[in-house]
Structures are given as structure tokens and as C-alpha cells.
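A.B. asks: According to Swiss-Prot:
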type	residues	note
BINDING	G77, F82, A128, E129, R147	S-adenosyl-L-methionine binding site
Amino acid sequence: MNPEQFQTALAEKGIELSDTQLKQFHDYFEMLVEWNEKMNLTAITDEKEVYLKHFYDSISAAFYVDFTKFDTICDVGAGAGFPSLPIKICFPHLKVSIVDSLKKRMTFLDALAEKLGLTDVHFYHDRAEIFGQNKAHREKYDLVTARAVARMSVLSELCMPLVKKGGSFLVMKAAQAEQELQTAEKAIKLFGGKVEEHFAFSLPVEESERNIYVITKTKETPNKYPRKPGTPNKLPIE
């Protein structure tokens, strides 16, 4: 998917990009490739692949969820900024917080935000388990996103504590998501969530499977969650 195809594909979904936004994506791609030579940000560096598997894939959530109704977003373990920064470029009103445990990624994200002229973006170098117990952030976000490889039960413990009551947790998964969801149902309920919607679709060009789950927070997460760093991964609630 080249930049022109990317622009057309988004327009077909009702997302019209301005010249400024197109340049932001171009600069994002260039910086990602440039910085990737000195630090491991992504295995995907071909332009068409980046536009499809990073940019388009990140924004695909907006085909099913109305981002205009959200104000604050927290992205847990965003790595090189996915999915939250492509979404932010498309919806500039959003106030985005990214938490990641790797300091070098923070350095990249700081430089990227400055280069792209992004405002209302904040980057936090922290473990998600510690961040989720921080009163300044706990149960403060309209939407929390995760596009991570961790199991859904683990992601729920890391992300649900950050979602405000009435807010949403948006999980982006590739294949075999239904099986993961079944295993995670106990955890989702324990942390105050209820699975509201599931959208299954294929990424264009390569036709790979994608799943988006919207989990609504119906009650507060018990204070003891998330547990200490490493525990959710070692002893997932399933």
C-alpha cells in the first residue's frame, strides 16, 4: 500500500487526510526508518509495508469506533507509537498518553512528536503495572488501547485499571482472538469490564485476519490490580 493508496483507502472509509496530515505520515515513515538503524523499533521498514501494517492497521480501529466522542487516550506498550499516533494524526483533538517500559522508545517518540508538530501528546517511561497504580492516571482515560502480542488476559490487567468508569478498552488482535477472549473472560469481568463489541475484518492487500474488541468499563477495578511488575505475565488470571 503506497501513500496514494493509503490516502484513497482511508477516504473510502470516510477519513479525508489533508496535505499536512499526509506530510505527517511521510515524515513519520522517514523517521521510523532512520531511527530504526540505530535502535530496534520495528522489523517492518519497507514503505508499502509500513503504510499498510503500521499506519493503516492502526487507524483501522476508527472504521468501527467513533474517535470523535473520545477526549483522552492511553496507549499501553505502544512501541514506535502504534496504534495511538496514527490515530492522533487523523484525529488531532485527542489527548494521547503513551506508556512504555523502554527508555530508547521514549527518546524516539519525543523527537517524532516534535518533528510532526503533535500537541497534547505525553510519553511516560514506566512499567504498565506501576503506571496503573498511579493515582494521576488510574481510571482517568476515556479510551485505552493495546496492539500488543501479550495475551488478552494479561493486557486486561495492565489496561483496564486506566480506563475510567463508562470508558472503553480497545484491544487489537490478529488471528485466533476468539480463543484468547474465552480465556480472558474471567479477567475482564474481574477488572470491571464487559465485552461490548467485536469486529473481524481482513487487512487489504495481504488479506490477513484482524480483530478489534471493545470492552466497556462498567465498574471500578479492585485496588490490588494491576499486580507488581512481571506478575500478570507469569500468573495470568484465567
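Cβ coordinates are placed from backbone N, Cα and C, and glycine is handled just like the others.
So that I understand the layout, could you describe where these features sit and how close they are to other parts?
C.D. replies: Note: E129 (S-adenosyl-L-methionine binding site) has non-local neighbours L158, P226, R227, K228, P229, G230, T231, P232, i.e. same-chain residues 6+ apart with C-beta under 8 A of its own C-beta.
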A.B. asks: When a 10 Å sphere is centred on the Cβ of A128 (S-adenosyl-L-methionine binding site), how many other Cβ atoms does it contain?
C.D. replies: 27
A.B. asks: If I restrict to non-local contacts, at least six residues apart, and a C-beta distance under 8 angstroms, what lies near G77 (S-adenosyl-L-methionine binding site) in its own chain?
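C.D. replies: The answer is V99, D100, S101, A128, A146, A148, A150, L158.
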A.B. asks: With every protein chain in view, how many other Cβ atoms are within 10 Å of the Cβ of R147 (S-adenosyl-L-methionine binding site)?
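C.D. replies: A count of 23.
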A.B. asks: List the residues of the same chain that sit at least 6 positions away from F82 (S-adenosyl-L-methionine binding site) in sequence and have their Cβ under 8 Å from its Cβ, in sequence order, or write 'none'.
C.D. replies: H54, D57, S58, R147
